[in-house]
Amino acid sequence: MRVVRLLRLRAALTLLGEVPRRPASRGVPGSRRTQKGSGARWEKEKHEDGVKWRQLEHKGPYFAPPYEPLPDGVRFFYEGRPVRLSVAAEEVATFYGRMLDHEYTTKEVFRKNFFNDWRKEMAVEEREVIKSLDKCDFTEIHRYFVDKAAARKVLSREEKQKLKEEAEKLQQEFGYCILDGHQEKIGNFKIEPPGLFRGRGDHPKMGMLKRRITPEDVVINCSRDSKIPEPPAGHQWKEVRSDNTVTWLAAWTESVQNSIKYIMLNPCSKLKGETAWQKFETARRLRGFVDEIRSQYRADWKSREMKTRQRAVALYFIDKLALRAGNEKEDGEAADTVGCCSLRVEHVQLHPEADGCQHVVEFDFLGKDCIRYYNRVPVEKPVYKNLQLFMENKDPRDDLFDRLTTTSLNKHLQELMDGLTAKVFRTYNASITLQEQLRALTRAEDSIAAKILSYNRANRVVAILCNHQRATPSTFEKSMQNLQTKIQAKKEQVAEARAELRRARAEHKAQGDGKSRSVLEKKRRLLEKLQEQLAQLSVQATDKEENKQVALGTSKLNYLDPRISIAWCKRFRVPVEKIYSKTQRERFAWALAMAGEDFEF
């Protein structure tokens, strides 16, 4: 308890400004080096706590256009006979028909959910006829959309320009808002059209119908004195409110998971930049508390209270394995996903010895978005002993941490440090890991391509830590074959250039004149250029192979302080564009303005 009291005192002193900051040279907020753009717009015009804006005006969301029925020549067949579908049933049939060549339509769960929801959209007489998905033929529908996509690819330059102008006009009308007197870009002003839910991993709701959203589903958020957006003709908004403690412009509930969706500001906006900056600053602040927190949870492994022991072991997993805390779910929710606090006995196996290590814990469960988390990891002996204790006399479906809830864990984290959550731990460990990996992997003398490979390897370590997986892309084999073909062709060019260089060297040795020397230098430069190109292709192939099942983008955009990457780019003379795309550079404009080459997380 002494450590907890010290942590609370430290947190209070930090809020009062009494705890000394780290030296400016380490890139701490407040240092000139870090605050390179001290007049940046995300630092100006701050409101009191909780208030995000004074003025918010926008045009509302853009709705998906109404469904256009299929041409008469495109038919749906059942048991080999054409069936004329009602407009509602036909629209849902097109969602499936578009995906006919996709892996999803081979999955039983997807097919079952689709057929159940499709039948709900059918007229009574259609349901009496169409009783089995296996007897349905969507071939003509699929071919129609394939041909339509192919036609779009061969549009004339004038037709493409016209489509581009229409998109820009839409962007100008709906894609911007006025926030406190400044024009800000909106991130996603289009409401998602209806379709079939896919989900990630083996989601139990895949194939279900995502219904069309109408203005009657949408809540508008804007300032009281602004012009309220006009709903489409013949419609009205579900509600209009003025809540300046949130940053969304419109919200609605989607039909599959009953989750709330939002129209938000673009990530490069002032408010989003400020929010991201504060998120990473909170994670940086954990650095001053983390040693004491770790000492505390280690001490709690021996607590007399079972609740305290369970909390300490859970916190160890959140810290060391970057597990999510896990939120309590409503009874009957279909997806059996869990986090650290909701782990069951069946999700954990204990091995006294495995893979040459002692006290190994094997995790196997479905995490967020139904992504499988599988890991075998050695743990400290007290953790192993406690897990044995927690699992005693329990059935496989019983909770591992039966005295712990997400709410009680979060409350404890707040007591340790103001603003501390499991996600802050995740962000801290991800960012620290990237920084340490970059330091260990990068060599100043490496080529740009080799440095980028080192960066992606560091990013990969973080993605694996955070369990950011992806399925191997369907185009992977083909793209690798193309890459290997390029590598082979480049090797042949290098061999030919090397032979030409030998001949030029022999000629120069025999003649010794200026002309032969010029030819020799030209051949040498060509060989160097080709060798560099070959090295880049080889690095690209290695990078592609290593990351075929790892999603680097999720951690890069959400869990890694961009100032670490920008400082690394500046320190090792790597163009920032090699790490962040144009859109990502706009998103992290605040970090580009702040981070010097000596920034440390």
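Think of each number as a place in line: the chain as shown, counted from 1.
Note: Cβ is positioned from N, Cα and C throughout, glycine not excepted.
Just so it is clear, the model here is predicted, and its values are computed rather than measured.
Looking at 222-227, 306-311, 324-329, 528-533, the range annotated in Swiss-Prot as region 'Interaction with DNA' turns out to be 324-329. Here the recorded positions are W248, Y559, and the one with the most other Cβ atoms within 10 Å of its Cβ is Y559. With R152 (site 'Interaction with DNA') as the anchor, the candidate recorded positions are W248, N410, K486, Y559, and the one with the nearest CA is K486.
Rounded to a whole number, the C-alpha distance linking N410 (site 'Interaction with DNA') with K279 (site 'Interaction with DNA') is 17 angstrom. Note on proximity: among W248, T337, K368, H468, Y559, the recorded positions of the record, the Cα nearest K279 (site 'Interaction with DNA') is that of Y559.
Within the same chain, the residues at least 6 positions away from K368 (site 'Interaction with DNA') whose Cβ sits under 8 Å from its Cβ are R324, T337, G339, listed in sequence order. The most densely surrounded of the recorded sites R152, K279 is K279 (count of other Cβ atoms within 10 A of its Cβ). Note on the region 'Interaction with DNA' (324-329): mean pLDDT across this stretch is 71. Between W248 (site 'Interaction with DNA') and H468 (site 'Interaction with DNA'), the C-alpha separation comes to 27 Å. Secondary structure from DSSP puts W248 (site 'Interaction with DNA') in coil.
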